[in-house]
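**Q** Attaching a single structure in structure tokens format; questions to follow.
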Amino acid sequence: MDKNSNGKLIALAVGGAVLMGALFFSVSFLTGYIPAPNHSAILTPLRSFMGWFLLIFCASIIIMGLGKMSSAISDKWFLSFPLSIFVIVMVMFLSLRVYWEKGRTTTVDGKYIRTTAELKEFLNKPAATSDVPPAPAGFDFDAAKKLVDVRCNKCHTLDSVADLFRTKYKKTGQVNLIVKRMQGFPGSGISDDDAKTIGIWLHEKF
């Protein structure tokens, strides 16, 4: 392949990357994407795109290197060839590790979560705000649990939406909002008193 062909391929790759970045950037806003308040609405999707671009770029380097090395392989390459592949792969993963040092998941207060242990710890912390009053003295949690099992598992089980409920609603203090939605469904059978009891149990125990 001559230099002219190489130049065309490089130009095609760069142009495709720019087009992909523009589409990614546009779609992120069309889907209603909103980053955390302390993050830039412009830089955040661009950084995500750069992560994918680096992954593809490093993979391309590996393929290019293997192609060039395969034409010069001899009996003396039995050790240097696999070592070269190992070095290229390690450079790729280290570069991605440095790029994503802050983590892929960001909380609303700007903190980063990198591991499942950190995510579990975050979910177990009590919410900063709540639209549900604290449980009164002598509150019967066992009876409340039975009420929740009867009223709140008609359309789907609570376990099937547990992660969504805990991360999107309970953590943001919107438990009562979900209870009111369930109460509004035809045939829910949830009275106002039931709604208060269910809300307290969901906030305290679920």
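Keep in mind that glycine also has a Cβ here, set from the backbone N, Cα and C atoms.
Pasting the relevant annotations from Swiss-Prot:
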- Cys152, Cys155, His156, Met182: heme binding site (BINDING)
- 10-30: transmembrane segment (TRANSMEM)
- 49-69: transmembrane segment (TRANSMEM)
- 76-96: transmembrane segment (TRANSMEM)
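Situate these features within the shown structure.
**A** DSSP assigns Cys152 (heme binding site) to coil in the three-state reduction, placing it in neither a helix nor a strand. There are 22 other CB atoms within 10 A of the CB of Cys152 (heme binding site), with all protein chains counted.
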**Q** With an 8 Å cut-off on Cβ-Cβ distance and a minimum sequence separation of at least 6, pull the same-chain contacts of Cys155 (heme binding site), or say none.
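**A** Result: Phe185.
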**Q** To see if you understand the setup: which same-chain residues, six or more apart in sequence, place their Cβ under 8 Å from that of Met182 (heme binding site)?
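**A** Long-range Cβ contacts: Arg151, Cys152, Ser188, Ile190, Ile198.
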**Q** Just report the maximum Cα pair distance in Å for the recorded heme binders Cys152, Cys155, His156, Met182, no decimals.
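**A** Max Cα-Cα spread across the heme binders: 11 Å.
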